[in-house]
Amino acid sequence: MPSATPYRKIIHIDMDAFYASVEQRDEPEYRGKPIVVGGSPEGRGGVVATASYEARKFGIRSAMSAKQAKQLCPQAIFVRPRFAVYKEVSQHIREIFRRYTDLIEPLSLDEAYLDVTEDKLGVGSAIEVAKQIKQAIQEELNLTASAGVSINKFVAKIASDINKPDGLKFIGPSAIEKFMENLPVEKFFGVGKVTAEKMKKMGLHTGADLKTLTEQELTQHFGKVGGFYYQIVRGIDNRPVQPHRETKSMGAEDTFAYDLTTTEDMHEELDKIAQTVAARLDRYQLKGRTVTLKIKYSDFKQITRNQSFNHPVRDADTLTQTAKQLLAATNPEDARIRLLGISVSNFGEQPIKEKKTVIGEQLSLF
Ligand SMILES: [Mg+2]
């Protein structure tokens, strides 16, 4: 007797140290060495895009300034990204995915959700599909990926991170609640460092702690996303895998450990953020006509200012200059600034396929 499938089968695939792995694959000299793909450590605005696992041992992380990376590991090899190559590899990976399903939601060049509730080849087991995909990526591209398998996007994504690199982790329906209870709050979708801090001050450290709050309390404290926390901590995430999501804006922001009070410091941070945004836009082949500056002050008051152009822009110089002009009109001399962000929107008609947003806030990585 045929029965309805009670659960969806969702896989999250994430390439391991993607850019750095591609560089190590293509350049034998780089293998086994600390490789940092991204901006130059000499200039002011260089940012780490991806660090090889050898470099991560020194504490180097994505989105860190290249200068800081060099301080942590002076012998690191800094490599400029080759986006054209990464895009090509990414297309090949998508082609592998498509052998199994058309329900593919890319989050970036190296990461995607797959819904394989009904896979094209009739494999049936999502774990087996994940194994086969990993194997194909290894054989055809000589790269490794990690996979998380579960019944929803949130848990699949967390799972893919557990046995990295070259990992495969399945978290089944009966294991989800326990798993969520033990999960530290920082791991929750959309919880950035500021929200995590706030949660900890409230004595909320794990999923189990979050579970003690009612939906209303969560919404009161954390806004709209609170309702999502309420569901997710109970293992419920009904968001579908969306093959064609539209990107409306793309940006990056940074919250500072201490308030910025001098224009010089503000400019320096804007340079860095602009670099990150420009690189992300480049990666997604996006240009936009509107540049928005976001400022949050030490009293948590927040403002945004924007400027629109006749032509679409994405280069770091334009972003920095625009952000600085917008900043200048806000009397920054008298301000104590806690957060700065730059985003680009108004993309118009472009072939847009990818985005990497999380509920509540945008990832500042690219
Ligand atoms: Mg990755």
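If you go along the chain as it appears here, the first residue is 1 and each next one adds 1.
Just so you know, glycine gets a Cβ as well, placed from its N, Cα and C.
Whatever TrEMBL says is automated annotation, not expert-curated.
If you look up TrEMBL, you'll see GLU111 marked as active site. Residues or ranges marked as Mg(2+) binding site by TrEMBL: ASP14, ASP110. Taken from TrEMBL, the feature domain 'UmuC' applies to 10-192. Feature annotation from TrEMBL assigns site 'Substrate discrimination' to TYR19.
DSSP assigns ASP14 (Mg(2+) binding site) to a strand. For ASP110 (Mg(2+) binding site), the same-chain residues 6+ apart in sequence whose C-beta sits under 8 angstroms from its C-beta are ASP14, MET15, PHE18, TYR86, SER90, ILE93. With a cut-off of 6 Å between Cβ and the nearest atom of ligand 1, the recorded positions ASP14, TYR19, ASP110 reduce to ASP14, ASP110. Mapped onto three states, the DSSP output places ASP110 (Mg(2+) binding site) in coil.
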